[in-house]
Amino acid sequence: MIFDKSLLGFIGICCLPPILLLIYLPNVSLQWIIVQSGFFSFGAGLLTYKLIPSVADLTSQANLTGMDLNKKGDPKFSGKKIPESLGICVAVVYLVCVILFQTFQWFSFPETIQLSEYNAALTSICFMILLGFGDDVLNLRWRYKLILPMFASLPLLVAYAGGTTVVVPDINFPVPLREWLGVVFDLGIFYRIYLLMLAIFCTNSINILAGINGLEVGQSVVIATSIIIHNLIELTIASSVPSSSSFSSSALSSVSPHLFSLILMIPFLFTTISLLFYNWYPSRVFVGDTYTYFSGMCFAVVAILCHFSKTLLLFFIPQILNFLYSVPQLFGIIPCPRHRVPKFNPETGKMEAIPTNLTIINLLLMITGPLTERQLCVYLLIFQGLCSCVGFGIRYHHLHHNPTLIFI
């Protein structure tokens, strides 16, 4: 296989910062656990890469195939059927990897394992994999896609052991919020409702921002990388505390959530990168709703159980903007076609915007003019990465003034 240079560059840029942060992590014990998780994840990535062609043959035999709408009229690709629902391969390998490492962790580092969180995470992820594959096969209606994730999220709310308070912004316009509510305000049951809505948003937002070869998987790689970087930064700060040099109870309380998040996100990143090799332009497989729901729930799981749900939203800035821009169509205010992708011009070989399809994909084309599908995907992923940088700036801009804000 000949790898695209832009793809290799993208993967290299995503992988380099976490590797550097891991090298400089002060706590050797944590470092060793993460490295071991990396070995398991690397094996899962290789297995995914090897299995995808075989699973693609199986989905083709089951008539789970589709046409690439962005290549109509292109003599190289026109009429070619592409295997769909390859997210099922990634999801199954991911689950096997996490379960195997959970077993390994139980025997090697029993003091670091979080069984209730593991079980809740795997239950919710499995539910969404089932829903996604069911959608690929049965073509479920949107109302089911909004309702069923609520039930998938219930194990997360049961296992959630974090607080329900928020820091009130120091804003005096239009009203002095802190004078009315105080510095910290307890939302109670409304915070859990917010977590429920977060899970529904995550599972659907990646599915909404889709339709370009490599986009669904590429944005998941960027978000997963951002989460891993965030976790490593938090572990580095927590490890600078003298008591965190070993696995004391006080040290574990600060590092366990982020260690748990890394154990879930590292195999996700490796298996997703393997899928990206096949889904990059020109795509040889389609990921299906199985992958988009699986990836969205993975992000929701770590954000909720590891207590950084507000930080996760900073990494979802493009998805939030796309949702807000799409609201008139999503809620039926104006007609919403089944596929809101741009149109392909076979004469120029470029994608052109359809202004009535309200997505940031079409909005970008309206700003830049026609682009090739590869260029369009690269620009959108660059935007995703820049938004993550903005998110890190917002998240950590107070760190040099007050290091305790890092744990909010």
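Quick reminder: no glycine exception, Cβ is built from N, Cα and C everywhere.
Note that the coordinates shown come from a computational prediction; the quantities given were computed from them, not determined experimentally.
Going by Swiss-Prot, these are the annotated features:
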- 6-26: transmembrane segment (TRANSMEM)
- 32-52: transmembrane segment (TRANSMEM)
- Asp68, Glu84, Asn213, Arg338, His339, Arg340: UDP-N-acetyl-alpha-D-glucosamine binding site (BINDING)
- 87-107: transmembrane segment (TRANSMEM)
- 120-140: transmembrane segment (TRANSMEM)
- Lys145, Ile200, Phe201, Cys202, Thr203, Asn204, Ser205, Ile206, Asn207, Ile208: dolichyl phosphate binding site (BINDING)
- 147-167: transmembrane segment (TRANSMEM)
- 181-201: transmembrane segment (TRANSMEM)
- Asn207, Asp289: Mg(2+) binding site (BINDING)
- 221-241: transmembrane segment (TRANSMEM)
- 258-278: transmembrane segment (TRANSMEM)
- 297-317: transmembrane segment (TRANSMEM)
- 351-371: transmembrane segment (TRANSMEM)
- 376-396: transmembrane segment (TRANSMEM)
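Of all Cα pairs drawn from Lys145, Ile200, Phe201, Cys202, Thr203, Asn204, Ser205, Ile206, Asn207, Ile208, which the record names as binding dolichyl phosphate, the longest spans 13 Å. Sequence-distant contacts of the transmembrane segment (297-317), counting only residues of its own chain at least 6 positions beyond either end whose CB sits under 8 Å from a CB of the stretch, comprise 94, 117, 120-121, 124-125, 127-128, 149, 152-153, 156-157, 159-160, 162-163, 166, 194-195, 198-199, 201-203, 205, 222-224, 226-227, 230-231, 257-258, 260-261, 264-265, 268, 387-388, 390-392, 394-395. Here Asp289 (Mg(2+) binding site) is positioned 15 angstrom away from Arg340 (UDP-N-acetyl-alpha-D-glucosamine binding site), judged by their C-alpha atoms. Residues of the same chain lying 6 or more positions beyond the ends of the transmembrane segment (351-371) and with a Cβ under 8 Å from any Cβ of it are 70, 208-209, 211-212, 215, 318, 321-322, 325-326, 328-329, 334-335, 337, 340-345, 379-380, 383. With a cut-off of 8 Å on Cβ pairs spaced 6 or more residues apart, the transmembrane segment (221-241) and the transmembrane segment (32-52) reach fewer than 3 such pairs and are scored as not touching.
Recorded residues His339 (UDP-N-acetyl-alpha-D-glucosamine binding site) and Asn207 (dolichyl phosphate binding site) have their alpha carbons 12 Å apart, per Cα-Cα distance. Through the fold, the transmembrane segment (32-52) approaches residues 22, 25, 86, 89-90, 93-94, 96-97, 100-101, 104-105, 108-109, 112, 259, 262-263, 266-267, 269-271, 273-275, 277-278, 285 of its own chain, all at least 6 residues removed from its boundaries and within a Cβ separation under 8 Å.
Using a 10 Å radius centred on the Cβ of Asp289 (Mg(2+) binding site) and all shown protein chains, the other Cβ atoms total 27. A 10 Å cutoff on Cβ-Cβ distances gives Asn213 (UDP-N-acetyl-alpha-D-glucosamine binding site) a total of 22 other Cβ atoms nearby, all chains included. Here Thr203 (dolichyl phosphate binding site) is compared against the binding-site residues Asp68, Glu84, Asn213, Asp289, Arg338, and the shortest C-alpha distance is to Asp289. Non-local neighbourhood of Asn207 (dolichyl phosphate binding site): Lys145, Glu216, Asp289, Thr292, Tyr293, Gly296, each in the same chain, at least six residues away, with C-beta under 8 Å from its C-beta. In this view, Phe201 (dolichyl phosphate binding site) is surrounded by 20 other Cβ atoms within 10 Å of its Cβ, with every protein chain counted.
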